[in-house]
């Protein structure tokens, strides 16, 4: 308690005695005078007002909403190829946020949410596309791995943990989080294991799909603020998922067989040979349809709540070569920037680029593998250069080969 030697009560903030102020408010371990209480109230109101203003400043504006062509052009700066997927994403994202900003016209026409599912091999750019769109729109964005999700009551993460991560990214600003984007990766890993029910519980398959339904369709979900399992003493935060855009991605390994079976069934009969001749058997993914996802193991309710289905082409050698150097944030440009920060000009022999791409193709690593290869090549020089008085450094083909031969290539193959 703030008391003087003569037992006079004093304000714990300004130190004035009870005779020098209008009145004192008694707390558990001290006092506060009327003047300090007024100042504290004004400071609190000012801080809360600034918070609301900053939160409102990040909200989307229909006039500032980028058009589909502008969205695609922005994606082109960071992602090589995949034009079809970019067009699907650009239109879907534009319509989604236009739907959020629509005014009540009173005509009873309600535009439904268009969640997206992207199908493509590992390293083709699914995650990068979603992340780049969130960067353009300046909305909260989070990535969730579907493989760690389990039904409530089992070891693993609850479905609600998806929204916990989005809230954390938005600094617990609920209105802002409710306009965010969630990317659910490896959605194919929660496919139903088979058509026949098993005596063992499929806690990370169909049960998780059922749990995702309420998030995808739009409902108010009580979210534990710190994640983890719910318990009675934990205060929940209600989050409305109606305006959250969900983008799902998965490799769907083996789905080409499902597509081929469907196409073979459909082309049997009159004029079948002509139709079969037009099918590109090297890229069956381009013919994917919702029924193929159902055959793979996604339940119809989930497929219905992911109405926008697009695919990503496998990356050929030319695409990998472009990805290595052309995007704004390409791995080569990142290393050049890192060396610049140490005052060193970094260059590569042109043959090094071709060698890196050859290895990525050889080990079937995709675009993600390019980084693994470059980091393996550059590790030693990145360790030594900051301690040396050197202004220029050129990576030669011989040096690149030596570094990769010295490394454990089997480790790269599973990167």
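Glycine too: its Cβ is placed from the backbone N, Cα and C atoms.
According to Swiss-Prot, the domain 'ClpX-type ZB' annotation covers 1-52. Annotation source Swiss-Prot lists Zn(2+) binding site at 11, 14, 33, 36, citing sequence analysis. Feature annotation from Swiss-Prot assigns ATP binding site to 121, 122, 123, 124, 125, 126, 127, 128; the stated evidence is sequence analysis.
Structural mapping of features recorded in Swiss-Prot.
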| residue | record | DSSP (3 states) |
| --- | --- | --- |
| 11 | Zn(2+) binding site | coil |
| 33 | Zn(2+) binding site | strand |
| 121 | ATP binding site | coil |
| 126 | ATP binding site | helix |
Legend entry - Spatial separation of residue 124 (ATP binding site) from residue 14 (Zn(2+) binding site) - C-alpha basis, Å: 63
Legend entry - Candidate binding-site residues 11, 33, 36, pick with smallest Cα gap to residue 122 (ATP binding site): 36
Legend entry - Other same-chain residues whose Cβ falls within 8 Å of the Cβ centroid of 11, 14, 33, 36, the recorded Zn(2+) site, in sequence order: 12, 13, 15, 16, 21, 24, 31, 32, 34, 35, 37
Legend entry - Listed in sequence order, residues not in 121, 122, 123, 124, 125, 126, 127, 128 with Cβ within 8 Å of the centre of the ATP site Cβ atoms: 120, 249, 312, 366, 367, 368
Legend entry - Around the Cβ of residue 122 (ATP binding site), the count of other Cβ atoms that are within 10 Å: 16
Inset, instruction - With residue 121 (ATP binding site) as the reference Cα, tell me which of the binding-site residues 11, 33, 36 is the closest one. - result: 36
Legend entry - Around the Cβ of residue 121 (ATP binding site), the count of other Cβ atoms that are within 10 Å: 17
Legend entry - Cα-nearest neighbour of residue 33 (Zn(2+) binding site) within the listed binding-site residues, 123, 124, 125, 126, 127: 127
Inset, instruction - Fewest other Cβ atoms within 10 Å: which of the binding-site residues 123, 125 wins that one? Let me know. - result: 123
Inset, instruction - Note the mean pLDDT of the domain 'ClpX-type ZB' (1-52), expressed as a whole number. - result: 77
Inset, instruction - Could you tell me which of these binding-site residues, 124, 127, has the fewest other Cβ atoms within 10 Å of its Cβ? - result: 127
Inset, instruction - Provide the number of Cβ atoms within 10 Å of the Cβ of residue 33 (Zn(2+) binding site), excluding the reference atom itself. - result: 24
Inset, instruction - Work out how many Å separate residue 11 (Zn(2+) binding site) and residue 127 (ATP binding site) at their Cα atoms, rounded off. - result: 56
